[in-house]
Amino acid sequence: KVFERCELARTLKELGLDGYKGVSLANWLCLTKWESSYNTKATNYNPGSESTDYGIFQINSKWWCDDGKTPNAVDGCHVACSELMENNIDKAVTCAKQIVREQGITAWVAWKSHCRGHDVSSYVEGCTL
């Protein structure tokens, strides 16, 4: 599923991400825009670690989810990577919360590259929240 921007903003707010660990809703929108273009089915393979990033938050199979093929995987969120690509993003959000609790928002490279230090208010502009 490819979310429309304001639809995703509303969904993330309902699931408790607005202000979670001090991260604003606009920052989560910026992160997901640059990680996956709001697409729950996004995947990206990382040849170096032989791991794959999954779903709207691009959660990595080396550390956070189990895809059954990543060497020495940790599965920190105790979730199948396939579950992070469901149209229902509850499990993906639960895992993203764990990542931000343990490592902070800087765990996401796209956030550091595209969102940190930028005015991200436009990501929620015009949305009825």
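Just so you know, glycine gets a Cβ as well, placed from its N, Cα and C.
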Whichever of Cys81, Cys95 is disulfide-bonded to Cys77 when Swiss-Prot is consulted: Cys95
Residue among Cys81, Cys115 that, according to Swiss-Prot, closes a disulfide with Cys30: Cys115
Cα within 10 Å of Cys95 (disulfide bond) - qualifying recorded positions among Glu35, Cys65, Cys127: Cys65
Mean predicted confidence [pLDDT] for the domain 'C-type lysozyme' (1-129): 98
Rounded inter-Cα distance in Å - Cys6 (disulfide bond), Cys115 (disulfide bond): 18
From disulfide-bonded residues Cys65, Cys77, Cys115, Cys127, the one whose Cα lies nearest Asp53 (active site): Cys65
Proximal but sequence-remote residues of the same chain as Glu35 (active site) (Cβ under 8 Å, at least 6 apart): Ala42, Asp53, Ile56, Phe57, Gln58, Trp108, Ala110
